[in-house]
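If you look up Swiss-Prot, you'll see 1-29 marked as signal peptide, on the strength of similarity to another entry. The region 'Straightjacket domain' annotation in Swiss-Prot covers 30-74 and is backed by similarity to another entry. According to Swiss-Prot, the region 'Arm domain' annotation covers 75-271. According to Swiss-Prot, the N-linked glycosylation site annotation covers 82, 136, 176, on the basis of similarity to another entry. The region 'Bowtie tail' feature in Swiss-Prot is assigned to 226-252. Sequence annotations record features per position, and here Swiss-Prot assigns disulfide bond to 285-294, 293-356, 322-387, 326-389.
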């Protein structure tokens, strides 16, 4: 036997004994993953989440607990948080790895439509079958200084009761009173209000790059060739002038707005620096009596588990983690057996076998205080929704 074979012999003896003791069975389901105590796994996961949240917010330590004002959240901040939470709830998780720019938390900003009583609407050539929503681009640029920082932009409208089904179309304000078609939506009859959302990320990026002082959208009824009536039947919150007092204030707050998610400028400066991606549970493989790799529920209470009072909303969330066996086949007659043996020799704490890891993750919107100022941000990849063997 050559010298290299003698050096590998001690590594192969345990596997040979296993094959001799179990004749007639393939070497399937073998794993070098370590058995981890469940409570230890949960504690490690909680500590990883603690570091992940601070890292995504670019904080070296939690803000002072005494800085949190003991008062209810302002209505505008709460409305912004609820809009962000509802949007996340309506989206499916992205299983692909996030780009480097998506690692850090996104600052969420709400830019309200200019009230329809403003004189700037007089400059727009109107149609009786449409509603018009104008925005000051100066407010957009204040929220997002550079177009490249914008991650997503949505136009959100609160649709009130609708008696009959209607097909509507959204247009972008173009040059010389012309309008460019963007998308359409078929609205079903409903007795309850409903938020409508349109992805306008590309349009807002254009406005940030070379837009005018005022830009906007038009919502119109779909005009089919065989229909004589193209009246817009949809009642959108913010376009009725019959309300007074506090009701008018609430009505105005829920008028159409742009929901912007962008990387803050100070965080963007770190995007080009080299860093090692943080990943939860990469140092551990799990095995249990479960039949398959699966999602295990883990609820994080910010006060109880992390000792934090500075995150105002939510009070906690289901972070979850992945757990379960990942069977694989490793036989002695494969050309990779020596490579795997050497890998284990040089990486005794690692596993050459596939392990149960997150596949689909979802973001987490939060409201937290910086001094006495509340902020709404979205933390990417915080909730495990599905797992895979990798």
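Here the Cβ of each residue, glycine as well, is placed from N, Cα and C on the backbone.
What you are looking at is a predicted structure, and each value in this text was computed from that prediction instead of being measured.
Listed in sequence order, the recorded positions from 82, 136, 293, 387 having a Cα within 10 Å of the Cα of residue 326 (disulfide bond) are 293.
Secondary structure at residue 293 (disulfide bond), taken from DSSP and collapsed to helix, strand or coil, is coil.
Counting other CB atoms no more than 10 Å from each candidate's CB, the disulfide-bonded residues 294, 322, 356, 387, 389 peak at 356.
The recorded positions listed here (82, 136, 294, 356) include 294, 356 as those with a Cα within 10 A of the Cα of residue 322 (disulfide bond). Among the recorded positions 82, 136, 387, the ones whose Cα is located within 10 Å of the Cα of residue 356 (disulfide bond) are 387. When the alpha carbons of residue 82 (N-linked glycosylation site) and residue 293 (disulfide bond) are compared, the span between them is 33 angstrom. Looking only at Cα atoms, residue 294 (disulfide bond) sits nearest to 387 among the recorded positions 136, 387, 389. With a 10 A radius on its CB, residue 326 (disulfide bond) counts 22 other CB atoms from all the protein chains. Put simply, 387 is the one of the disulfide-bonded residues 293, 387, 389 whose Cα lies nearest to the Cα of residue 136 (N-linked glycosylation site).
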